[in-house]
Amino acid sequence: MDEVDDILINNQVVDDEEDDEEMLSGLENDSKQDLEGNDDGGEDEEDDDDDDEDDDDDEDEREDDDEQEDDDGEDDAARMDKTATPTNEHQHDEQKAAAAGAGGAGDSGDAVTKIGSEDVKLSDVDGGVGSREASSSTHEASANGEVYEYYKHMLNAAQIADSYNIYPTAAIPIQTHVNALAVSRGLKYLFLGGSDGYIRKYDLLNTLEGKLSLTILQKHSLAESIQNAGILQSYWENEIPQKKSEMKLSANKTDYEPKVSPVHSLEVQSECLFILSGLQNGGITMQGVRYMEGSIAHYFKGRNGHTQIVNILRLNGQEDRFLSGSWDKRLLEWDLQTGDIVNEFKKSRSELSSLEMRPLYSSVDVSGNVNSGKENENADDDMDSLFGDEDEDEKQDAGNEPVETGDGSNGEENKEQISEESLNIVYDESVFMTSGLNGSVHIWDRRMTQSPALSLERGAGVPPWCLSACWGVDGDHVYAGRRNACVEQFDLKMPSKPIHNLKLPSISGPVSCVKAMPNNKHLLCASRDNIRLYNVEIAVDASNSTTKSSKVPFLIVPGHHGGIISNLYLDPTSRFIISTSGNRGWQGNSTDTTLIYDIDLE
């Protein structure tokens, strides 16, 4: 064993000596290379510098990698802390208590917890979503408020204008009679109903902005100012609901042929949640617009519903009830919540042709109207409820709530003229007016459903015909278009006969539509040849023999010519007018064109 140990020790000594010799030889070689590098003039120094730069770059890359790993480590630690924080409720409560006791959570009083290496407010972590929702709702409310203020400003400007310059800018060619129109909130969509049985939806805003132009052939017969075309978005049938036994099924027994009715009336909810459409069989359909477009959600018919064409539909301000008029001489009020008839206004003596709610702020005196009512043999003996008699509140229908009548004595002074929710004109919904084909014009009170509150009889020599009637902006006057090219003006203070007769040129034909302008001085009168903007004051002076004026009482609005005007729509700000052409199921021809006009205030 001793010999073996001596051999191992000697081998170890020999190995150590060999290592020392190799080290000495390496040092000698290095010194020789240094001397040779100095003799070469520093050529190798440049190589060494390059090597040093490469080494520096490598070191920088390693440092960046180390920093990235440190950041990843911190992120992982933060995620682990965040994950661990909600799971350990006891530690979470201790952290909140410690943070609250240490610094009072800053000036704002919010508790602070430490997540990872950062101090975060618990209110920011827990309530971030709620704060974002609150800020978005606040922003939306402020935007709606700005639009509402703009609408009021434009309406006030239109009310004090001396005159209006009306000119057409857009046209929608439709090869059918357009009997009805409806416009959604903020002029977003335009709905047109035709005698071909289709409801068409147009993008009205982009149409007004001129996003689509008419073709050369379409411009050929139109005024030069008309350049824009209507942007059609969709269309669908005005379908009449059928029983399963009455359906005509196809060969595969899965499809059926729909029964389509001409569209005689339309009324859309302000947010386009639904649209009401009148049918030829006396029914009324509620159809989806924003959701399930064109599908029928409800069918208003019932045993006591209309039996003939429904040509009038009007939603109330709350959009929970609507009025319907028909060729069966009946005027009904429906509840959208239950789908039932809540009121029937009786003793309507003719097919209804138009219906309008009364404007706010009527200045009619109570005693003056009562006296005039006694002198009028054709009017009702009791007219007090029309002008706010409190004793009539007990006689109102059980389904109705008491409503202010709209005269100044009933506290209507503070009511805004435009609704902030729907951006539509606010009316006095307790009083409305209807016109009939026999020439009758009736004033109705919602609390008197047994008969009209007032009946405005036509003047001597006027034929029994009236397609359209409208209120004056003041709520005291009514204008009725007649067949013999004239418009009769009625005053509620003297309802027994018309106070003025505004005559149009005899060649103009019957007056098919009238619309009062917001300054209470001008009236739009649509007849077969043209649309005229009448100055009522000048027209009255011209008709008076003692104060006869040489001024022409009207201006011709360019665009329309040679057809029956079925509707005139004036937007709440009085910036635009929409006219449709159609005979509404009666006599007359159509121009097959819907025109959109711009209004400039003067």
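Including glycine, each Cβ sits where the backbone N, Cα and C put it.
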Look through SER31, SER131, SER135, SER549 and state which residue has the annotation phosphoserine in Swiss-Prot. SER131
Listed as phosphoserine by Swiss-Prot, one of SER108, SER367, SER385, SER579: SER108
From the candidates SER261, SER451, the one which Swiss-Prot records as phosphoserine: SER451
Counting every protein chain present, what is the number of Cβ atoms, excluding its own, within 10 Å of the Cβ of SER451 (phosphoserine)? 15
Residues outside the repeat 'WD 2' (305-346) whose C-beta sits under 8 Å from one of its C-beta atoms, at least 6 past its ends, are 179, 264-267, 269-270, 276-280, 282-284, 286, 298, 352-355, 357, 397, 399-400, 419, 422, 424, 426-427, 429, 432, 434, 436, 444, 446, 449-452, 584-585
